[in-house]
Amino acid sequence: RRSGNYQPTMWDFEYIQSIHNDYAGDKYMKRFNELKEEMKKMIMAEGSQELEKLELIDNLQRLGVSYHFKHEIMQILSSIKQHSTPADSLYATALKFRLLREHGFHISQEIFDGLSETHTKDTKGMLYLYEASFLATEGESELEQAWTEKHLREYLKNKNIDQNVAKLVHRALELPLHWRMLRLEARWFISFYKKRQDMIPLLLELAILDFNIVQAAHIQDLKYVARWWKETGLAENLPFARDRLVENFFWTIGVNFLPQYGYSRRIETKVNALVTAIDDVYDVFGTLDELQCFTDAIQRWNTDELDNLPDNMKMCYFALDDFINEVACDALIVPYLRNAWTDLCKSYLIEAKWYFSKYIPTMEEYMDNAWISISAPVILVHAYFLIANPVNKEALHYLRNYHDIIRWSALILRLANDLGTSSDELKRGDVPKSIQCYMNEKKVSEEEARQHIRLLISETWKKLNEAHNVAAHPFPKMFVKSAMNLARMAQCMYQHGDGHGGQNSETQNRIMALLFESIPPA
């Protein structure tokens, strides 16, 4: 038996159950609702200039409170789309372009014709053009990032610069806004916004209250899934596997933080925890014969295949079977959930066969399997049934065949995972990842391979943007947002290495800030 050499969890059951949050219950709701009504009046106030409205919407989004004002925001953006005249500044044009695209409005890259070349000294405009460029789709050459990135890097070398702009530039170059996890961005931006001279006290108070109230709801979700995880006994009986319940819950906040989706977060945390455990059965524990038997049992959903397996592998099977029966209150859903889990386990088995035979697949072979083995299809199939009401027959067809929205989200998750984890996994003796496959196939250095993977991520984001913009799919908006948020969460979790299995300090700090530390009142 191999060993994953994983560290124990940092957050045990007793710690999670002991967490107290002052913002639970209705204590602060009266003040919050008052602030919300005042904010609605401000958003819809007559006489505001177009740019002022766009800046307010941008701040609402970055502070994490725009979901309270969806109707008002769409009303303003619809009006801007219909009646807007070309802006004379690069900054205003780029902000308008990004916000309209984010909200599903068709807006052409031609809006920038003649602007970008004449505004190279407008650093704020260049920053907003850089951020807008990440909403590009394939073939939109006007929105290439290279020259704006070069300009922004040069700007940071200057001594006498606007420190607020410099912070935003540095953050954008580290990871663009479109790729960032929404709730972490809100946590950071609240601190940034608090120090701005144009800060609106009403909006700041609303954002802080909202963050803390939502955080309290998340903690209740976490306590629930911690009790479930303890009851499964998997952490104790699978000592070779990653015990990462809090990290698994952290993923679900990235996918959908909205307080009313607590049930979805609880179910998706269970999905993530079972995926992590079963992944480690294939990667670390099982022999090839055992893994073949386990896969056969999953494929047939028949316990006869389990007879010769170790008890802890049987335990995994029964935990998964119990979970599917718990979730699928509608019998029609069961085949779709089982198919997704079967596809996942079959992809794990392919990787196990490569490992035991010491085979290095071609890049194409690897990628054809790896976008499934990263588990995004399983996660998103469950997400659909948790969001869609009623279920759409056409959507079920696209779901079973993994629509491009699922496929591109999965591919970003896979590639980001490979960038963050491949070094550690090779030390453990894992199957080669995309980096090693590309190095072997193209005879290039590791850094060249990593650069190629980064390029693939950028190109895949363009495809995901395109899939998001296409109206001809039967999925609810919230499902499409969840797929995009899963890709964002991948960028977050693997930005500084293996944030899921490795428990690096950056991920620990992010989890603490998001789950366990409230923001003090302004």
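Note that Cβ sites are derived from N, Cα and C of the backbone, with glycine treated the same way.
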Residue from R227, R242, R450, R454 that Swiss-Prot also lists as binding (2E)-geranyl diphosphate with D279, D283, R414, N417:
R242
Within-chain partners of the motif 'DDXXD motif' (279-283) [C-beta distance under 8 Å, separation at least 6 from its ends]
4, 238, 240-242, 291, 294, 313, 316, 345, 348-349, 351-352, 375, 425, 428, 430
Quick one: Cα separation, D283 ((2E)-geranyl diphosphate binding site) versus T421 (Mg(2+) 3 binding site), in Å?
13
Suppose you look only at the motif 'DDXXD motif' (279-283); what would the mean pLDDT be?
95
Would you give the longest CA-CA distance, in whole angstrom, between residues of R242, D279, D283, R414, N417, the set recorded as binding (2E)-geranyl diphosphate?
18
According to DSSP, collapsed to three classes, what secondary structure does R242 ((2E)-geranyl diphosphate binding site) have?
coil
